[in-house]
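*Asks:* Sharing a structure with you now.
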Amino acid sequence: MANSPHGGVLKDLIARDEHISAQLRGEAFTLADIVLTERQLCDLELILSGGFSPLEGFMNEKDYKSVVDTLRLADGALFPIPITLDASSEDIERLSIVPGARIALRDPRDDEPLAIITVEDIYTPDRVKEAINVFGADDPAHPSVTYLRHRVKDHYIGGKVQAIQAPTHFDYVALRYTPAELRSHFKKLAWRKVVAFQTRNPMHRAHRELTVRAARQRQANVLIHPVVGLTKPGDVDHYTRVRVYEAIMAKYPNGMGHLALLPLAMRMAGPREAVWHAIIRKNFGATHFIVGRDHAGPGKNSQGRDFYGPYDAQELVIKYHDELQIEMVPFQQMTYLPSTDEYQPADEVPKGVQTLDISGTELRKRLRTGAPIPDWFSYDAVVKVLRESYPPRNKQGFVLFFTGLHNSGKDKIARALQVTLNQQGGRSVTMLLGETVRQELSSELGFSAEDRHLNTQRIAFVASELTRSGAAVIAAPIAPHERSREAARETVLQNGGAGGNFFLIHVATPLEHCEKTDRRGIYAKARRGEIKGFTGVDDVYENPERADLTVDVTKQSIPEIVHSIVLLLETNSLL
């Protein structure tokens, strides 16, 4: 028997509003609309399907504040992650968004109307407090804090939604289930106990052994329920991962396991995320949920320490066990015993017995270098899929993103570096100079903060497309603002595939030198007021917080700088 939904009722808005969907679609054409971001799209899909039950829309201010402060909605229901619809002041003014207004929400991929929100309120969040309470720290090393700082707009719009249609997917359609569909599937197969396994990474033999062991101990079946929405930047793309999951499902005992995809945008919020994941799996009908060591942890903070303790997530799920009504299965660290050719929980292995393990770092190294991956660690079919998607490191693309003042020498460095990389061969080299891009891609843009940001994002988009194909990309805009540079980094990491290698190079040549050697007199024109918003004169250049390399043409020659960049690439095994 499938688990009851969180809150007792599955909020399947698609089913609820089906009889008026045509009427809503017609209304949507008469309304102002918001084109959703990728994260908002993931959130809306799970609101509409009931995956986020008991939510029926994006959180209003009362619910938002309560969730941030207490992990509960205003009515007391447990819900640990704020689900919000952010919008800029310009959007709110342009679209005349006020309480009571109805706004169409559109799919960014095909512009189709998905839902209509009736606005309850518009509020300005405390983003620092949100970062500290939800993610544990206002630390830019956390990917969701970076997203909150640089991608989330100034205001949140709260309100319930009515469903027009679910988003249309063209990939792995047979593996996509709503909560109602998955519950029906379990009922059809008479699955009374279901152990759900959350993952955003490829699965290997240890994961198979862990999930099979968990199911057998509880006389249950296994739901492999991987996230295929937004995950951590740099993660393996979901196309590759799903091919891995399909390959590994054949290794389960017949009838034990089932694979279904979850269109979730992860927040990497550790303990809070574990409770959230448990609620979601409960809504999909699972009775048990595997919670791993450092579940949904983003790695190291700015001080080099883990954001969360290894068992914080398990402890928080245990704390709310009575309300969650889903049994937690603690993740058991599995280790390989060569003497018996089997996996066992590490804490059950007798002292002195030989064990073997391969870390995630070691696996990535072997994939990068083409070194063998032993059968005891993974399956041939899985390794084959990974090798197809992850060419050796020296065949992967990369982006060298230069930032610095006008006339800082970054263009000279970029041209010299292009020659050096072309000489070495092995991959195509593309250069995106600031002035060239403005002429070819952004001629309609001015030099306001927003126009500069948009120009940088266009460069990042082109760079990510090229690097995914294995190219070396040298980008050299001024990019004076940290928000734009971090967004560019995220674009390349998220969309650059195996070539999502991003290096920020700060050309820190002092303003005095840039101005003194400016033969074209651009700075002089800016000083006279003939050019407005000029970086270094009446627009502030924000020094990068996370540069991979800092150079200065007053202290190093161009050849020396180029050589230091080549060494950076060699250190990262890209040459």
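One is the number of the first residue shown, and numbering goes on along the chain from there.
In case you wondered, yes, glycine gets a Cβ from its N, Cα and C as well.
Bear in mind that TrEMBL entries carry predicted annotations, made automatically and left uncurated.
The following feature annotations were taken from TrEMBL:
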{"type": "ACT_SITE", "residues": "THR199", "note": "active site"}
{"type": "ACT_SITE", "residues": "ARG200", "note": "active site"}
{"type": "ACT_SITE", "residues": "ASN201", "note": "active site"}
{"type": "BINDING", "residues": "GLN198, THR199, ARG200, ASN201, GLY292, ARG293, ASP294, HIS295, MET334", "note": "ATP binding site"}
{"type": "DOMAIN", "residues": "4-165", "note": "domain 'ATP-sulfurylase PUA-like'"}
{"type": "DOMAIN", "residues": "396-552", "note": "domain 'APS kinase'"}
{"type": "SITE", "residues": "HIS204", "note": "site 'Transition state stabilizer'"}
{"type": "SITE", "residues": "HIS207", "note": "site 'Transition state stabilizer'"}
*Asks:* Sort out the sequence-distant neighbours of GLY292 (ATP binding site) for me: same chain, 6+ apart, CB within less than 8 Å of its CB, listed by position.
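*Replies:* Counting only residues 6 or more apart in sequence, the Cβ neighbours of GLY292 (ATP binding site) under 8 Å are GLN198, ALA313, PHE331.
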*Asks:* Looking only at Cβ atoms, how many others are within 10 Å of the one on ASP294 (ATP binding site)?
*Replies:* 20
*Asks:* Would you mind sorting out which of ARG200, ASP294, MET334 (the recorded positions) have a C-alpha within 10 A of the one on HIS207 (site 'Transition state stabilizer')?
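*Replies:* Those close enough are MET334.
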*Asks:* How many angstrom lie between the most widely spaced Cα atoms of the ATP binders GLN198, THR199, ARG200, ASN201, GLY292, ARG293, ASP294, HIS295, MET334?
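*Replies:* Comparing all Cα pairs, the maximum is 18 Å.
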*Asks:* Which residue, of the recorded positions GLN198, THR199, ASN201, has its CB surrounded by the fewest other CB atoms within 10 A?
*Replies:* ASN201
*Asks:* Can you count the other CB atoms that lie within 10 A of the CB of HIS204 (site 'Transition state stabilizer')?
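*Replies:* Excluding its own Cβ, HIS204 (site 'Transition state stabilizer') sees 21 Cβ atoms within 10 Å.
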*Asks:* Cα distance, THR199 (active site) to ASP294 (ATP binding site), nearest Å?
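*Replies:* Spelling it out, the Cα of ASP294 (ATP binding site) and the Cα of THR199 (active site) are 12 Å apart.
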*Asks:* Specify the count of other C-beta atoms within 10 Å of the C-beta of ARG200 (active site).
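*Replies:* Looking across every protein chain shown, the total is 20.
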*Asks:* Specify the count of other C-beta atoms within 10 Å of the C-beta of HIS207 (site 'Transition state stabilizer').
*Replies:* 21
*Asks:* At the Cα level, what's the spacing in Å between MET334 (ATP binding site) and THR199 (active site), rounded?
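*Replies:* Roughly 16 Å, rounded to the nearest whole number.
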